[in-house]
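Please read the structure below before turning to the comments.
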């Protein structure tokens with residue numbers, strides 16, 4: 001028996017030496033190769049011993065070794081199946097420099113995923129929240145969400161890199177080797193980009209407070225007028241801003257006239273509070289609340305509605321125009337500006353800016369005092385009063401940026417400079433008071449007869465003596481003040497606010513009318529849209545996005561769709577808008593089958 005154990009020991013020693021010799025002379029390419037070599041050697045030894053070792057020894061030694069090898073083979077095959085395609089790849093290096101501290105990339109990604117995933121959720125939430133709060137087709141919410149996600153990726157990647165370098169458990173070369181060239185480049189670009197954006201800032205520019213310039217060296221006086229109807233949502237803030245504006249302009253320089261009718265909410269009560277406040281502050285004013293039950297029309301542009309609104313606005317400016325000396329202000333001729341408000345959200349400092357509007361031509365020459373200047377009013381669909389507003393060529397404005405078709409006007413809007421328009425109102429307007437003041441004209445009658453009955457819209461050429469069958473607007477007598485009116489032309493109903501601008505063209509037939517729109521003054525009919533245009537869009541990084549991307553190429557398609565499918569032309573051609581239009585302007589359209597460029 002001892003002879004058999006001696007032979008077995010000798011053969012096992014030979015087996016171990018053979019394996020060691022092979023490991024020094026030949027390196028298996030894969031784990032499977034190494035396993036096959038070991039198994040083959042074991043089986044050869046088994047064959048040599050099979051006829052020499054007693055059964056009880058053989059069963060307890062070599063056979064047991066082979067069974068263990070087979071069990072290991074089965075376990076390794078199971079591991080290979082779990083690893084899938086990774087079994088064909090070279091095994092990782094297990095040298096002493098990396099074995100103790102290296103961590104697989106998948107584990108590192110998992111370690112960072114919770115923080116980065118949080119940024120992704122926040123970015124998506126901001127995008128969805130902005131679209132829900134401001135449901136307007138714009139790329140700004142997508143930009144904000146993407147910026148948050150980019151910041152999250154950059155900060156987590158930089159944190160991981162800096163932390164690894166500070167621990168000093170690995171060499172810098174080893175740490176940097178974990179990052180692909182593309183990832184390194186992306187990290188560098190995103191870091192520089194975010195630093196640039198953060199340098200622009202997140203705070204909107206503050207307002208500058210300045211007093212309106214005096215006209216011809218004399219002191220300005222302001223007649224502030226407004227009409228109200230069911231305006232409880234805005235009236236408290238509206239009144240607060242109005243008081244601040246009056247204190248800035250000077251209480252002795254302001255008169256307030258408000259006419260309200262048929263409100264069904266708390267508007268009348270809020271106006272009584274404002275009336276008390278004005279009395280306590282010794283501010284001259286007249287506030288009328290009325291109830292006549294005339295508050296329904298078949299459609300928004302009905303002739304009856306326009307006539308009613310024109311009458312309401314005339315009541316508001318009655319202290320400047322009334323022939324009745326008991327109604328007319330004693331010093332009515334001292335008022336130089338009429339400041340007319342709609343029921344809009346506004347900031348009093350913006351109104352000061354509107355009063356100070358000066359238009360400078362390309363040669364930097366100041367064109368002097370304006371005849372009318374307007375803000376820009378916004379609603380949920382963009383620029384609100386596109387029915388009234390016309391660009392310098394007489395073309396209706398569009399609800400989205402850049403709002404006008406005229407190329408020169410677009411460039412001025414980009415710079416935030418006032419643009420010349422042919423008609424506007426847009427929430428807040430300032431009128432040179434002179435054409436609207438009462439004149440003691442004797443027996444001259446310039447009143448406009450009322451228009452009765454519904455009229456179906458059609459097309460007419462208006463105030464163009466060279467066009468066959470052209471119709472004329474009501475006679476405008478210079479000795480009488482300009483008043484709000486209806487068109488008084490069959491089938492050509494239009495807003496009383498548009499007709500005020502139109503009558504200024506007729507009032508000054510020998511010169512271009514100075515009607516401007518100031519894109520820096522933004523008002524809105526809802527609080528959230530006021531914040532959108534005066535806070536969100538004024539954030540420097542948002543303005544950067546608007547300037548370089550959102551208002552660039554993406555709008556080319558929108559512009560094409562609008563020009564071909566969305567633009568609505570006037571039912572009638574108001575020729576006076578083009579009496580002094582620039583030469584670059586196309587002719588106003590004729591009959592309905594002609595375009596703006598024909």
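Residue numbering: from 1, along the chain as shown.
Positions of Cβ are set from backbone N, Cα and C atoms, glycine also.
Unlike curated records, TrEMBL annotations are generated automatically.
TrEMBL lists transmembrane segment for one of the ranges 95-112, 167-184, 185-202, 203-220, namely 185-202. Looking at 115-134, 235-254, 255-274, the range tied to transmembrane segment in TrEMBL is 115-134. Remote same-chain partners of the transmembrane segment (115-134), defined as residues 6 or more beyond its termini with a Cβ less than 8 Å from a stretch Cβ, comprise 140-142, 144-149, 151-153, 155-156, 528-529, 532, 536. Long-range contacts of the transmembrane segment (185-202) within its own chain (CB-CB distance under 8 A, at least 6 residues past either end) are made by residues 147, 150-151, 153-154, 157-158, 161, 179, 539-541, 544.
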